[in-house]
Each structure stands twice: as C-alpha cells, then as structure tokens.
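Written below as structure tokens is the structure these notes are about.
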C-alpha cells in the first residue's frame, strides 16, 4: 500500500502524518504531486538534474525535495497573485504562472498603479482647465485645445502616428466617464499573466484574451526620479545586467521613470526587436510636458497566450536610435545580448 506524507494546513511540520491514498480527499493536490514528480524525472532524463540511484520503493530524496520546493513555490506565487489583484485598480485580472523553474515572487518589488514621485519631486495631478463638450468626439475637445489630433476612433483604437502626444479629458472636463476620450485613465481592461519564460528571459507577460490592434494595453509606471539620480542608479544596475529606467524625454530630459522596485505589470514586459506594443506619451490631469504618462498600445492583433513585448530602444517619438544609449527610454548601459528571437533581431538590447 502506498502512503503519502501529509502537511496539514495551519499546522506545524511536527504534526505531519503518513496517510494511505484512501484517506486523501484532495484530487488536485494529488494531480500536482504526480505532475511535479513527472517533471522532475523528465529533467533527469534530459540531463538537467542529478541521476537518481534509489532501488527501494521509497520516493527518492531528490524527487521529494523538488516536490516540496515546488509546492512551497506554488503557495508563494498564489499569495503574490492575490496581493497583486488586491493592489491593482484596473479591471483586468492578473495571473501568475511558473512551469519552468523554482523561482518565486521577486523579493523587492512593490506594486503601484500610478507614478510614485521620489522625494523632492512634485506631481501636480490637477488640470487647470477642461472641456465643456456634450460629445467630445465631434466638438473642439482637449486635444484641439492642445493643438494636436483626437487620438482615438469610435472603436477606442488609437489613430494617431507614434510620436504624437495623447491629450485625454481630465477631472475638470464636463464630459462623463463614458467619454470616448477617456481610455488610458481607465487602466488595463485585459486579463494578463506574469509568467516565467523558458528562453532565459526571466519573467514575461502574456495576454489571456485577444487584444485588437491599436488598443490600449497598459501604462508603464514606476518611481519618478531626476535624470541625475537615474545616472547614479544606472551605474548600480549595471552590476545586475539590467535596469528599468525609462526616460521621460517628450520635450526635455529632466525626469526618468524607474520601475525596478515600484511598478505594475509593465515591470515584467520583455524586450523584442519586433514588438507588438508601441509607446505613446499621454497627458491627462498633469499637463506638465516634462512629465508625460507612458502608455503602451498594441501594434497589431495579439492572440490569447501571446507574449507582450516592446522595444527598449523605442522613444516616445516612435523613432529607434542605436547611436547613443542616452536616447533609449529603457537605459541599459552595458551591452546586453538580446534573446527575443525575432527575424529582425539586432543582437543586443542597446
């Protein structure tokens, strides 16, 4: 008869007991147990783990250790997923998935929904004027007052070229929440999955639903710091081989968004030389052109299960610059090999 060592929920390890299969009423846990064991044994056959040398009927200690670590990881990721969904303010759900390795939640990452100004930086999130339109799509609305085109069509898809700023209606506008010029401010509408990639790129983000082309997907948020502080942090990040610094260089280069410790789902979006997301500068309540919000829109239809990516060298103007790292919104001062796998891959992230 087979016996299973059971860890009872809410009780210390000292109360663990050996139970026969007939006493276990947890089909999902048994399924996960069997799956984790098969995964480990398949890794052994591929030479990715130690060779098992155990001829008795007891579960090999190496297998048992892996299964326990995997179970603890699964619980940790579930707790992190619950925390992310408690903190988010947007409609779409966040799912966390790791079927690749034993990596758990990032230890020093804090989820935020909007910019977090560093000490000494003031973000004025109150517009000084707003529109009085009854139908913003047909009248002279906020974009026209700013001297730019209305950003969206009737299907809520972006219709302006990259490099053109988006001016949405703000808190002083008399239009309601259903205004066609309130898209980015409503947050991510799609359910997304933070997942562990199998190509060595760490965590990534994939969509769980189909996304139409030219649709708003998410904002890039983080800690707003000065460019001087960004230079200092960049030198420290070089030792880790990666950073999350995004220059706010729409008109000037005074501020940078650092999403290393504070950020949202965009923190986990990987680079691609052939991306499916495009960067746009957005102004809503804060009309300071030094501090645009950064929105990511789909460049094409993105199917459910497909990874989301943007080009780390893509500027808010829509241009690509490989001449100087100073023009890259996501600064990477060391030459980092690109693993995007695109046909047009440039070989490096910078």
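Start at 1 and count along the chain as shown; that gives each residue its number.
The backbone N, Cα and C atoms fix where each Cβ goes, glycine too.
Predicted, not measured: the structure shown is a model, and the values here were computed from it.
Taken verbatim from TrEMBL:
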| type | residues | note |
| --- | --- | --- |
| BINDING | 131, 142, 169, 173 | Zn(2+) 2 binding site |
| BINDING | 131, 133, 136, 141 | Zn(2+) 1 binding site |
| BINDING | 273, 338, 340, 345 | Zn(2+) 4 binding site |
| DOMAIN | 1-45 | domain 'Chromo' |
| DOMAIN | 129-187 | domain 'Pre-SET' |
| DOMAIN | 190-313 | domain 'SET' |
| DOMAIN | 334-350 | domain 'Post-SET' |
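In terms of Cα distance, none of the binding-site residues chosen from 273, 338, 340, 345 sits within 10 Å of residue 169 (Zn(2+) 2 binding site).
In this structure the C-alpha atoms belonging to residue 273 (Zn(2+) 4 binding site) and residue 133 (Zn(2+) 1 binding site) are separated by 41 Å. Counting every protein chain shown, 18 other Cβ atoms lie within 10 Å of the Cβ of residue 338 (Zn(2+) 4 binding site). What surrounds the Zn(2+) 1 site, by Cβ distance within 8 Å of the Cβ centroid and not counting 131, 133, 136, 141, is the set 132, 135, 139, 140, 142, 169, 173, 175, 179, 181 from the same chain. When the CA atoms are compared, no binding-site residues among the candidates 131, 136, 173 lie within 10 A of residue 338 (Zn(2+) 4 binding site).
Per Cα geometry, 141 is the residue among the binding-site residues 141, 340, 345 nearest to residue 131 (Zn(2+) 2 binding site). Among the binding-site residues listed (173, 340, 345), 173 has its Cα nearest to the Cα of residue 141 (Zn(2+) 1 binding site).
In this structure the C-alpha atoms belonging to residue 142 (Zn(2+) 2 binding site) and residue 340 (Zn(2+) 4 binding site) are separated by 39 Å.
Across the fold, the C-alpha of residue 173 (Zn(2+) 2 binding site) and the C-alpha of residue 340 (Zn(2+) 4 binding site) stand 43 Å from each other. For residue 131 (Zn(2+) 2 binding site), the Cβ neighbour count at a 10 Å cut-off comes to 21, with all displayed protein chains included. Residues near residue 136 (Zn(2+) 1 binding site) in space but far in sequence (CB under 8 A, at least 6 apart, same chain), listed by position: 142, 150, 169, 173, 175, 179, 180, 181. When the binding-site residues 169, 173, 340 are scored by other C-beta atoms within 10 Å, 169 scores highest.
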